[in-house]
Amino acid sequence: MEAAGTGSGCSAKLVAACVIGGIVLGASVLALHLSGPVAIPSLPPVDELRRRFRRRRRPVRVYMDGCFDMMHYGHCNALRQARALGDELIVGVVSDDEIIANKGPPVTPLHERMMMVRAVKWVDDIIPDAPYAITEEFMNKLFDEYNIDYIIHGDDPCLLPDGTDAYALAKKAGRYKQIKRTEGVSTTDIVGRMLLCVRERSASDSHNHSSLQRQFSHGHGQKIDDSGTRISHFFPTSRRIVQFSNSRGPGPDSRIVYIDGAFDLFHAGHVEILRLARELGDFLLVGIHTDQTISSTRGRHRPIMNLHERSLSVLACRYVDEVIIGAPWDVSKDMITTFNISLVVHGTIAENMDFMKDDLNPYAVPMAMGVYRRLESPLDITTSTIIRRIVANHEAYQKRNEKKEASEKKYYDSKSFVNGE
(Lines of atoms letter the chains of each structure in order from A and count residues from 1; the text may use other names and numbers.)
(Lines give C-alpha, C1' and ligand atoms only; values in the text may rest on other atoms or scores of the structure.)
Protein backbone atom coordinates (compact mmCIF):
# COMPACT_ATOMS: atom_id res chain seq x y z
CA MET A 1 0.00 0.00 0.00
CA GLU A 2 2.80 2.36 0.85
CA ALA A 3 4.44 1.64 -2.47
CA ALA A 4 1.21 2.17 -4.36
CA GLY A 5 0.53 5.43 -2.56
CA THR A 6 4.01 6.69 -3.35
CA GLY A 7 3.49 5.86 -7.01
CA SER A 8 0.24 7.81 -7.12
CA GLY A 9 1.95 10.83 -5.58
CA CYS A 10 4.68 10.77 -8.24
CA SER A 11 2.14 10.59 -11.02
CA ALA A 12 0.30 13.59 -9.68
CA LYS A 13 3.52 15.59 -9.42
CA LEU A 14 4.47 14.66 -13.00
CA VAL A 15 1.10 15.78 -14.33
CA ALA A 16 1.38 19.05 -12.45
CA ALA A 17 4.90 19.68 -13.82
CA CYS A 18 3.74 19.08 -17.38
CA VAL A 19 0.82 21.48 -16.97
CA ILE A 20 3.03 24.22 -15.52
CA GLY A 21 5.65 23.66 -18.24
CA GLY A 22 3.00 23.94 -20.94
CA ILE A 23 1.72 27.21 -19.47
CA VAL A 24 5.25 28.68 -19.35
CA LEU A 25 6.01 27.56 -22.92
CA GLY A 26 2.77 28.99 -24.20
CA ALA A 27 3.41 32.30 -22.47
CA SER A 28 6.90 32.45 -24.00
CA VAL A 29 5.60 31.83 -27.50
CA LEU A 30 2.91 34.49 -27.02
CA ALA A 31 5.51 36.98 -25.79
CA LEU A 32 7.71 36.32 -28.79
CA HIS A 33 4.79 36.76 -31.13
CA LEU A 34 3.76 40.06 -29.55
CA SER A 35 7.29 41.49 -29.39
CA GLY A 36 8.10 40.86 -33.08
CA PRO A 37 11.05 38.95 -34.69
CA VAL A 38 14.10 38.26 -32.54
CA ALA A 39 17.62 37.75 -33.95
CA ILE A 40 18.74 34.23 -33.21
CA PRO A 41 22.53 33.68 -33.17
CA SER A 42 23.66 31.47 -36.07
CA LEU A 43 26.79 29.44 -36.70
CA PRO A 44 29.56 31.06 -38.83
CA PRO A 45 29.50 30.19 -42.55
CA VAL A 46 31.57 27.23 -43.72
CA ASP A 47 34.24 29.44 -45.38
CA GLU A 48 34.73 31.35 -42.13
CA LEU A 49 35.12 28.11 -40.17
CA ARG A 50 37.73 26.97 -42.69
CA ARG A 51 39.64 30.23 -42.34
CA ARG A 52 39.59 29.90 -38.55
CA PHE A 53 40.92 26.35 -38.85
CA ARG A 54 43.73 27.46 -41.18
CA ARG A 55 44.68 30.22 -38.77
CA ARG A 56 45.02 27.67 -35.98
CA ARG A 57 47.19 25.40 -38.18
CA ARG A 58 50.30 27.38 -39.12
CA PRO A 59 51.45 26.60 -42.67
CA VAL A 60 54.65 24.64 -43.10
CA ARG A 61 57.23 26.99 -44.59
CA VAL A 62 60.23 25.59 -46.44
CA TYR A 63 63.35 27.37 -47.63
CA MET A 64 65.52 26.66 -50.64
CA ASP A 65 68.43 28.74 -51.84
CA GLY A 66 70.55 28.82 -54.95
CA CYS A 67 72.41 30.91 -57.48
CA PHE A 68 69.73 30.29 -60.15
CA ASP A 69 72.19 31.52 -62.75
CA MET A 70 70.86 31.05 -66.29
CA MET A 71 67.72 29.57 -64.80
CA HIS A 72 66.51 26.40 -66.49
CA TYR A 73 63.92 23.67 -66.06
CA GLY A 74 66.20 21.82 -63.62
CA HIS A 75 66.03 24.77 -61.21
CA CYS A 76 62.26 24.93 -61.70
CA ASN A 77 61.84 21.22 -61.00
CA ALA A 78 63.86 21.57 -57.79
CA LEU A 79 61.58 24.40 -56.66
CA ARG A 80 58.53 22.31 -57.56
CA GLN A 81 59.79 19.43 -55.43
CA ALA A 82 60.66 21.77 -52.55
CA ARG A 83 57.19 23.36 -52.63
CA ALA A 84 55.62 19.89 -52.38
CA LEU A 85 57.34 19.42 -48.99
CA GLY A 86 55.48 22.34 -47.42
CA ASP A 87 52.68 24.86 -47.78
CA GLU A 88 54.83 27.89 -48.63
CA LEU A 89 58.17 28.08 -50.40
CA ILE A 90 60.61 30.88 -49.61
CA VAL A 91 63.60 31.09 -51.95
CA GLY A 92 66.96 32.66 -51.19
CA VAL A 93 68.77 34.09 -54.22
CA VAL A 94 72.53 34.17 -53.66
CA SER A 95 74.27 37.52 -54.20
CA ASP A 96 76.65 38.20 -57.10
CA ASP A 97 79.60 38.63 -54.72
CA GLU A 98 78.95 35.29 -53.03
CA ILE A 99 78.77 33.52 -56.39
CA ILE A 100 82.04 35.10 -57.52
CA ALA A 101 83.75 34.06 -54.27
CA ASN A 102 82.51 30.46 -54.39
CA LYS A 103 82.00 29.54 -58.06
CA GLY A 104 83.18 32.26 -60.41
CA PRO A 105 81.38 35.09 -62.26
CA PRO A 106 77.61 34.68 -62.74
CA VAL A 107 76.22 34.95 -66.27
CA THR A 108 73.09 36.81 -65.15
CA PRO A 109 73.14 39.58 -62.50
CA LEU A 110 71.10 39.43 -59.29
CA HIS A 111 68.17 41.59 -60.47
CA GLU A 112 67.62 39.33 -63.51
CA ARG A 113 67.92 36.19 -61.40
CA MET A 114 65.35 37.57 -58.97
CA MET A 115 62.92 38.20 -61.85
CA MET A 116 63.36 34.62 -62.97
CA VAL A 117 62.84 33.06 -59.54
CA ARG A 118 59.87 35.27 -58.72
CA ALA A 119 58.20 34.17 -61.97
CA VAL A 120 58.32 30.45 -61.10
CA LYS A 121 54.80 29.38 -60.20
CA TRP A 122 55.81 27.31 -57.17
CA VAL A 123 57.58 30.20 -55.39
CA ASP A 124 55.72 32.17 -52.71
CA ASP A 125 58.41 34.68 -51.70
CA ILE A 126 62.11 35.40 -52.19
CA ILE A 127 65.02 36.59 -50.05
CA PRO A 128 67.59 38.56 -52.10
CA ASP A 129 71.33 38.52 -51.39
CA ALA A 130 71.18 35.20 -49.57
CA PRO A 131 74.51 33.74 -48.40
CA TYR A 132 76.05 30.85 -50.32
CA ALA A 133 76.52 28.81 -47.13
CA ILE A 134 73.95 28.43 -44.35
CA THR A 135 75.68 30.15 -41.40
CA GLU A 136 74.39 29.79 -37.85
CA GLU A 137 73.32 33.44 -37.80
CA PHE A 138 71.41 33.17 -41.06
CA MET A 139 69.87 29.83 -40.08
CA ASN A 140 68.52 31.33 -36.84
CA LYS A 141 67.15 34.25 -38.85
CA LEU A 142 65.32 31.81 -41.12
CA PHE A 143 63.83 29.98 -38.14
CA ASP A 144 62.96 33.02 -35.99
CA GLU A 145 62.10 35.79 -38.48
CA TYR A 146 60.86 33.86 -41.52
CA ASN A 147 59.27 30.97 -39.56
CA ILE A 148 61.06 28.42 -41.75
CA ASP A 149 60.46 24.81 -40.75
CA TYR A 150 62.85 23.04 -43.14
CA ILE A 151 65.79 23.88 -45.36
CA ILE A 152 65.78 22.02 -48.69
CA HIS A 153 68.54 21.06 -51.13
CA GLY A 154 69.16 18.49 -53.84
CA ASP A 155 70.95 15.19 -53.44
CA ASP A 156 74.04 16.53 -55.24
CA PRO A 157 76.75 17.77 -52.83
CA CYS A 158 77.20 21.50 -52.27
CA LEU A 159 80.72 22.07 -51.00
CA LEU A 160 82.43 25.29 -49.97
CA PRO A 161 85.94 26.15 -51.24
CA ASP A 162 87.39 24.57 -48.07
CA GLY A 163 85.60 21.30 -48.81
CA THR A 164 82.97 21.55 -46.06
CA ASP A 165 79.25 20.96 -46.55
CA ALA A 166 77.30 24.21 -47.06
CA TYR A 167 74.28 22.69 -45.30
CA ALA A 168 76.06 21.01 -42.39
CA LEU A 169 74.43 23.22 -39.73
CA ALA A 170 70.92 22.65 -41.06
CA LYS A 171 71.52 18.89 -41.04
CA LYS A 172 72.85 19.03 -37.50
CA ALA A 173 69.76 20.97 -36.38
CA GLY A 174 67.50 18.26 -37.85
CA ARG A 175 65.79 20.82 -40.09
CA TYR A 176 67.13 19.62 -43.46
CA LYS A 177 65.27 17.77 -46.22
CA GLN A 178 66.63 16.47 -49.50
CA ILE A 179 65.11 16.33 -52.97
CA LYS A 180 66.17 14.56 -56.14
CA ARG A 181 68.42 16.38 -58.58
CA THR A 182 66.97 16.84 -62.07
CA GLU A 183 69.12 14.91 -64.51
CA GLY A 184 70.21 16.15 -67.91
CA VAL A 185 70.91 19.81 -67.27
CA SER A 186 72.91 22.22 -65.13
CA THR A 187 74.22 25.74 -65.53
CA THR A 188 77.66 24.22 -66.07
CA ASP A 189 76.18 22.04 -68.80
CA ILE A 190 74.49 24.96 -70.57
CA VAL A 191 77.61 27.13 -70.43
CA GLY A 192 79.48 24.16 -71.91
CA ARG A 193 77.03 24.02 -74.81
CA MET A 194 77.65 27.70 -75.54
CA LEU A 195 81.40 27.28 -75.30
CA LEU A 196 81.09 24.44 -77.80
CA CYS A 197 79.01 26.74 -79.99
CA VAL A 198 81.77 29.38 -79.88
CA ARG A 199 84.45 26.84 -80.84
CA GLU A 200 82.38 25.36 -83.67
CA ARG A 201 81.67 28.78 -85.07
CA SER A 202 85.36 29.60 -85.17
CA ALA A 203 86.22 26.28 -86.83
CA SER A 204 86.34 25.81 -90.57
CA ASP A 205 83.12 24.69 -92.24
CA SER A 206 85.09 21.96 -93.99
CA HIS A 207 85.36 20.04 -90.71
CA ASN A 208 81.74 18.93 -91.11
CA HIS A 209 80.74 19.51 -87.48
CA SER A 210 77.26 18.39 -86.56
CA SER A 211 74.98 21.18 -85.44
CA LEU A 212 74.76 21.93 -81.74
CA GLN A 213 70.99 21.71 -81.93
CA ARG A 214 71.11 18.24 -83.45
CA GLN A 215 73.46 16.89 -80.76
CA PHE A 216 71.24 17.89 -77.88
CA SER A 217 67.86 17.37 -79.53
CA HIS A 218 68.72 13.72 -80.02
CA GLY A 219 70.44 13.26 -76.67
CA HIS A 220 73.96 12.76 -77.99
CA GLY A 221 75.81 14.26 -75.07
CA GLN A 222 79.59 14.20 -75.11
CA LYS A 223 82.64 14.93 -73.01
CA ILE A 224 84.31 18.13 -74.16
CA ASP A 225 87.99 17.74 -73.40
CA ASP A 226 89.32 21.24 -73.91
CA SER A 227 86.70 23.02 -71.80
CA GLY A 228 86.39 20.36 -69.11
CA THR A 229 82.62 20.26 -69.43
CA ARG A 230 80.55 17.11 -69.19
CA ILE A 231 77.42 17.37 -71.31
CA SER A 232 74.71 15.29 -69.67
CA HIS A 233 71.66 13.60 -71.17
CA PHE A 234 68.12 14.90 -70.93
CA PHE A 235 65.41 12.26 -70.62
CA PRO A 236 62.03 13.81 -71.42
CA THR A 237 59.02 11.96 -70.00
CA SER A 238 55.28 12.52 -70.26
CA ARG A 239 55.02 12.63 -66.48
CA ARG A 240 57.41 15.58 -66.29
CA ILE A 241 55.25 17.51 -68.76
CA VAL A 242 52.17 16.76 -66.62
CA GLN A 243 53.98 17.85 -63.45
CA PHE A 244 54.79 21.22 -65.00
CA SER A 245 51.36 21.73 -66.60
CA ASN A 246 48.49 23.65 -65.03
CA SER A 247 46.07 20.86 -66.03
CA ARG A 248 43.30 23.34 -66.77
CA GLY A 249 41.97 24.90 -69.92
CA PRO A 250 40.37 28.25 -70.70
CA GLY A 251 36.76 28.98 -69.76
CA PRO A 252 34.06 29.32 -72.43
CA ASP A 253 34.26 33.13 -72.38
CA SER A 254 38.01 33.47 -71.77
CA ARG A 255 40.02 36.00 -73.74
CA ILE A 256 42.90 33.88 -75.06
CA VAL A 257 46.18 35.62 -75.89
CA TYR A 258 48.77 33.87 -78.08
CA ILE A 259 52.50 34.56 -78.26
CA ASP A 260 55.14 32.40 -79.94
CA GLY A 261 58.91 32.16 -80.19
CA ALA A 262 61.99 30.06 -79.55
CA PHE A 263 62.33 30.88 -75.83
CA ASP A 264 65.88 29.53 -75.95
CA LEU A 265 67.96 30.00 -72.77
CA PHE A 266 64.81 31.23 -71.01
CA HIS A 267 65.72 34.61 -69.50
CA ALA A 268 64.31 37.72 -67.82
CA GLY A 269 63.38 39.27 -71.16
CA HIS A 270 61.13 36.30 -71.88
CA VAL A 271 59.55 36.50 -68.43
CA GLU A 272 58.69 40.17 -68.76
CA ILE A 273 57.10 39.94 -72.22
CA LEU A 274 55.04 36.93 -71.05
CA ARG A 275 53.88 38.93 -68.03
CA LEU A 276 52.68 41.77 -70.27
CA ALA A 277 50.99 39.34 -72.66
CA ARG A 278 49.13 37.62 -69.81
CA GLU A 279 47.78 40.97 -68.59
CA LEU A 280 45.96 41.40 -71.92
CA GLY A 281 43.64 38.45 -71.40
CA ASP A 282 42.40 35.62 -69.20
CA PHE A 283 44.50 32.78 -70.65
CA LEU A 284 48.01 32.88 -72.15
CA LEU A 285 48.83 30.29 -74.81
CA VAL A 286 52.51 30.12 -75.80
CA GLY A 287 53.77 28.54 -79.00
CA ILE A 288 57.25 26.97 -78.83
CA HIS A 289 58.93 26.68 -82.24
CA THR A 290 60.63 23.45 -83.28
CA ASP A 291 64.42 22.99 -83.26
CA GLN A 292 64.38 22.75 -87.05
CA THR A 293 62.47 26.03 -87.41
CA ILE A 294 64.94 27.84 -85.17
CA SER A 295 67.96 26.37 -86.96
CA SER A 296 66.59 27.48 -90.32
CA THR A 297 66.01 31.06 -89.15
CA ARG A 298 68.91 31.60 -86.71
CA GLY A 299 71.69 29.29 -87.83
CA ARG A 300 72.72 25.68 -87.38
CA HIS A 301 74.16 26.24 -83.89
CA ARG A 302 70.78 27.19 -82.51
CA PRO A 303 68.85 26.46 -80.41
CA ILE A 304 71.13 25.85 -77.45
CA MET A 305 68.34 23.97 -75.64
CA ASN A 306 66.04 21.54 -77.40
CA LEU A 307 62.28 21.71 -77.80
CA HIS A 308 61.38 19.69 -74.70
CA GLU A 309 63.77 21.64 -72.48
CA ARG A 310 62.46 24.97 -73.74
CA SER A 311 58.85 23.85 -73.27
CA LEU A 312 59.41 22.92 -69.63
CA SER A 313 61.07 26.27 -68.87
CA VAL A 314 58.09 28.15 -70.33
CA LEU A 315 55.54 25.92 -68.58
CA ALA A 316 57.13 26.69 -65.21
CA CYS A 317 56.42 30.41 -65.64
CA ARG A 318 53.47 31.59 -63.54
CA TYR A 319 52.16 33.80 -66.37
CA VAL A 320 51.77 30.89 -68.80
CA ASP A 321 48.61 28.77 -68.89
CA GLU A 322 49.40 26.39 -71.76
CA VAL A 323 52.00 25.76 -74.46
CA ILE A 324 51.94 24.36 -77.97
CA ILE A 325 55.01 22.11 -78.21
CA GLY A 326 56.32 22.53 -81.74
CA ALA A 327 54.15 25.45 -82.85
CA PRO A 328 54.09 26.30 -86.57
CA TRP A 329 56.01 29.34 -87.83
CA ASP A 330 52.92 30.84 -89.47
CA VAL A 331 49.86 31.75 -87.42
CA SER A 332 46.99 30.57 -89.63
CA LYS A 333 43.27 31.29 -89.52
CA ASP A 334 42.63 27.63 -88.76
CA MET A 335 44.95 27.84 -85.74
CA ILE A 336 43.25 30.99 -84.47
CA THR A 337 39.86 29.32 -84.80
CA THR A 338 40.97 25.99 -83.30
CA PHE A 339 42.34 27.59 -80.14
CA ASN A 340 39.74 30.39 -80.03
CA ILE A 341 42.54 32.97 -79.95
CA SER A 342 41.38 36.54 -79.30
CA LEU A 343 44.72 38.30 -79.67
CA VAL A 344 48.13 37.46 -81.17
CA VAL A 345 51.06 39.45 -79.74
CA HIS A 346 54.78 39.83 -80.38
CA GLY A 347 57.47 41.84 -78.58
CA THR A 348 59.58 44.65 -80.04
CA ILE A 349 62.82 42.96 -78.94
CA ALA A 350 63.56 39.69 -80.72
CA GLU A 351 66.42 37.88 -82.45
CA ASN A 352 65.12 38.74 -85.89
CA MET A 353 62.50 41.37 -86.66
CA ASP A 354 63.05 41.21 -90.45
CA PHE A 355 60.05 38.91 -90.87
CA MET A 356 57.84 42.02 -90.76
CA LYS A 357 59.30 43.05 -94.14
CA ASP A 358 59.03 39.64 -95.77
CA ASP A 359 56.30 38.46 -98.08
CA LEU A 360 56.08 35.39 -95.85
CA ASN A 361 55.22 37.34 -92.69
CA PRO A 362 54.11 34.71 -90.12
CA TYR A 363 51.64 37.18 -88.62
CA ALA A 364 50.01 38.26 -91.91
CA VAL A 365 46.74 36.47 -91.13
CA PRO A 366 46.17 37.83 -87.60
CA MET A 367 47.14 41.29 -88.89
CA ALA A 368 44.53 41.04 -91.66
CA MET A 369 41.96 39.84 -89.12
CA GLY A 370 42.70 42.78 -86.82
CA VAL A 371 43.76 40.55 -83.89
CA TYR A 372 47.50 41.31 -83.89
CA ARG A 373 49.23 43.62 -81.42
CA ARG A 374 52.88 44.54 -81.01
CA LEU A 375 54.05 44.79 -77.40
CA GLU A 376 56.83 47.07 -76.21
CA SER A 377 59.41 44.72 -74.66
CA PRO A 378 60.34 45.84 -71.12
CA LEU A 379 63.93 44.51 -71.32
CA ASP A 380 66.49 44.65 -74.10
CA ILE A 381 67.62 41.04 -73.63
CA THR A 382 67.68 38.20 -76.15
CA THR A 383 69.25 34.76 -76.27
CA SER A 384 72.12 36.31 -78.22
CA THR A 385 72.63 38.72 -75.29
CA ILE A 386 73.27 35.77 -72.99
CA ILE A 387 75.63 34.14 -75.49
CA ARG A 388 77.56 37.41 -75.90
CA ARG A 389 78.08 37.54 -72.14
CA ILE A 390 79.69 34.12 -72.31
CA VAL A 391 81.84 35.04 -75.31
CA ALA A 392 82.96 38.34 -73.75
CA ASN A 393 84.20 36.53 -70.64
CA HIS A 394 85.10 33.28 -72.35
CA GLU A 395 88.22 32.43 -70.34
CA ALA A 396 86.59 33.09 -66.96
CA TYR A 397 83.65 30.81 -67.77
CA GLN A 398 85.91 28.10 -69.12
CA LYS A 399 87.89 28.14 -65.86
CA ARG A 400 84.63 28.12 -63.90
CA ASN A 401 83.48 25.03 -65.79
CA GLU A 402 86.83 23.28 -65.31
CA LYS A 403 86.53 23.94 -61.58
CA LYS A 404 82.96 22.66 -61.46
CA GLU A 405 83.73 19.60 -63.59
CA ALA A 406 85.48 17.82 -60.70
CA SER A 407 82.40 17.86 -58.48
CA GLU A 408 80.14 17.05 -61.45
CA LYS A 409 82.28 14.01 -62.32
CA LYS A 410 82.32 12.87 -58.68
CA TYR A 411 78.53 13.13 -58.51
CA TYR A 412 77.97 11.07 -61.67
CA ASP A 413 80.58 8.46 -60.72
CA SER A 414 79.00 7.84 -57.31
CA LYS A 415 75.42 8.45 -58.40
CA SER A 416 72.75 6.10 -57.07
CA PHE A 417 68.96 6.02 -57.32
CA VAL A 418 67.15 8.52 -55.11
CA ASN A 419 63.41 8.16 -54.67
CA GLY A 420 61.74 11.42 -55.63
CA GLU A 421 59.79 13.27 -58.27
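Even glycines carry a Cβ here, placed using N, Cα and C.
Going by TrEMBL, these are the annotated features:
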type: TRANSMEM; residues: 12-34; note: transmembrane segment
type: DOMAIN; residues: 63-192; note: domain 'Cytidyltransferase-like'
type: REGION; residues: 206-225; note: region 'Disordered'
type: DOMAIN; residues: 258-350; note: domain 'Cytidyltransferase-like'
* To do: Could you put numbers on the helix, strand and coil content of the domain 'Cytidyltransferase-like' (258-350), residue by residue per DSSP?
  => 34 helix, 25 strand, 34 coil
* Structure fact -> Checked against DSSP, the composition of the domain 'Cytidyltransferase-like' (63-192) is 48 helix, 29 strand, 53 coil
* **Local confidence of the domain 'Cytidyltransferase-like' (258-350) - pLDDT mean** => 95
